[in-house]
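Read the structure below first, then the notes.
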Amino acid sequence: MPMSPDPRPGRDGASTKPTVAFAHLGCEKNRVDTEHMLGLLSEAGYGVSSDESVANVVVVNTCSFIQEAREESVRTLVGLAEQGKELIIAGCLAQHFQEELLESLPEAKAIVGTGDYQHIVEVLERVEAGERVNRVSSTPTFVADERLPRHRTTGEAVAYLKVAEGCDYRCAFCIIPHLRGNQRSRPIESIVAEAHQLAAEGVKELILISQITTNYGLDLYGRPRLADLLQALGDVEIPWIRVHYAYPTGLTNEVISAYRDVPNVLPYLDLPLQHSHPDVLRAMNRPWQADVNERLLDQIRSQLPEAVLRTTLIVGFPGETQEQFEHLAGFLERQQFDHVGVFTFSPEQGTAAAELPNPVDADIALARKDRLMTLQQPISAAANARWVGRTVDALIEQHNPETGAMIGRCARFAPEVDGEVHIAPRADGLQAAPGTMIPVQITGSDIYDLRAEIVGAASMVASARSAL
């Protein structure tokens, strides 16, 4: 978590209360929850830090999405316990296992559920008074808005904005609805207000997230209103607005038109398709998706010729035959996605898929994953190569101290999951500061990243001065 290791004082300018350390695990939705807890504690006068050595109490915001994530969360907790830290366990693992964590970890002084992190100050005060606290609602109902304090942990120019919490779908492999409850959308006015706040903080890229962002508004307005939300965000002075987690059946003509017509909405579509074969999708409890996958992708490319397409896939789902896997491999080769993530199936206790017969051998699942990733590499390389020669905006995020090169991203790359743009240093040593956006010309490419050079000295000087 990119936060200063030095204790951050509360808003009164001095840490009159103890410093609390934070460890963040899991997805960007979890990150936003962490940022709200940081903001609440800071406002209450606590110091906050990512350096566990400066604090006796550590809040660990955990992940419980798949077995690997649970194991990482438990390793983190045990490691901190071995250091003698008092633990406040928040997030999905706390929601999932609740009292079991308190019983198995004496160092755990509190557990805080996914719908209860807004009470973190009260929880900490009770811990300081000697209580062991269980603050986990059986059914999460809370959703934060722009009024809840927030201390961002991303770089200055990038922010995630959670437009809804929870999920109404029940995909057979997914534990999230059990951990985060049903969908609760925020009003459009609330989201736009927070977007304006973030713009005032210097944010250049705003990433809209939820469990299924294309379902935004269905619970609140009686129909999905992502298109209306994107239109409203068109008036916010943030140059890049990116949408993550678009369920394919929710990409209506109205939504695709908003991608096309709202100038600051990037034509970047994150589509977690999971599979292509109708029988596998039916077993995943996504039966309607098989009828729309290819038709939808054709429609997107027709209406958004510059669309950048990312998807995630699951291999080794119970009962997946070699023939069904070959169907998926053919789909991947045919559709030529820009970016692809592939996961092997992880059985999650409490999900329908965990009880399905005919599990796929782990070695076979891993081999299928490797084959898809190998198949995708030349596709991604060719997609990147098509950008060579273009002049694009790049958001600078860091400098390479050894070479002087600037490292950033263009619109085709989302943070963390996609590639980077490596911008050659100028002979005069002039650099754009992190958080600034500059025009660059793409000069080279590989499977994952692009290489570029700066376009025009005047723009560089302006960017450098704007950062002073």
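Heads up, the Cβ atoms here are built off N, Cα and C, so glycines get one too.
Secondary structure of the domain 'MTTase N-terminal' (18-129) per DSSP (helix as H, G, I; strand as E, B; remaining residues coil): 59 helix, 26 strand, 27 coil. Among the features that Swiss-Prot reports, domain 'MTTase N-terminal' is placed at 18-129, with the record citing sequence analysis.
Look at Swiss-Prot and you will find CYS27, CYS63, CYS92 tagged as [4Fe-4S] cluster 1 binding site. A sphere of 10 angstroms centred on the C-beta of CYS63 ([4Fe-4S] cluster 1 binding site) encloses 21 other C-beta atoms.
Residues or ranges marked as domain 'Radical SAM core' by Swiss-Prot: 153-382.
Annotation comment: Swiss-Prot describes CYS167, CYS171, CYS174 as [4Fe-4S] cluster 2 binding site, evidence class sequence analysis. Taking a C-beta cut-off of under 8 angstroms and a sequence separation of 6 or more, CYS174 ([4Fe-4S] cluster 2 binding site) has the following same-chain neighbours: CYS167, GLU348, THR351.
Residues or ranges marked as domain 'TRAM' by Swiss-Prot on the basis of sequence analysis: 385-456. Mean pLDDT across the domain 'TRAM' (385-456) comes to 92 in this model.
On the backbone, the CA of CYS92 ([4Fe-4S] cluster 1 binding site) and the CA of CYS171 ([4Fe-4S] cluster 2 binding site) stand 18 Å apart. Residues of the domain 'TRAM' (385-456) grouped by DSSP class, helix first, strand second and coil last, total 1 helix, 30 strand, 41 coil. Listed binding-site residues: CYS92, CYS167; maximum Cβ neighbour count within 10 Å falls on CYS92. Of the listed binding-site residues, namely CYS27, CYS171, the sparsest CB environment within 10 A is found at CYS27.
Between CYS27 ([4Fe-4S] cluster 1 binding site) and CYS171 ([4Fe-4S] cluster 2 binding site), the C-alpha separation comes to 18 Å. Other residues of the chain with a Cβ within 8 Å of the Cβ centroid of CYS27, CYS63, CYS92, the [4Fe-4S] cluster 1 site, are LEU25, GLY26, LYS29, ASN30, THR62, SER64, PHE65, ALA69, GLY91, LEU93. It is 18 Å from the Cα atom of CYS63 ([4Fe-4S] cluster 1 binding site) to that of CYS171 ([4Fe-4S] cluster 2 binding site).
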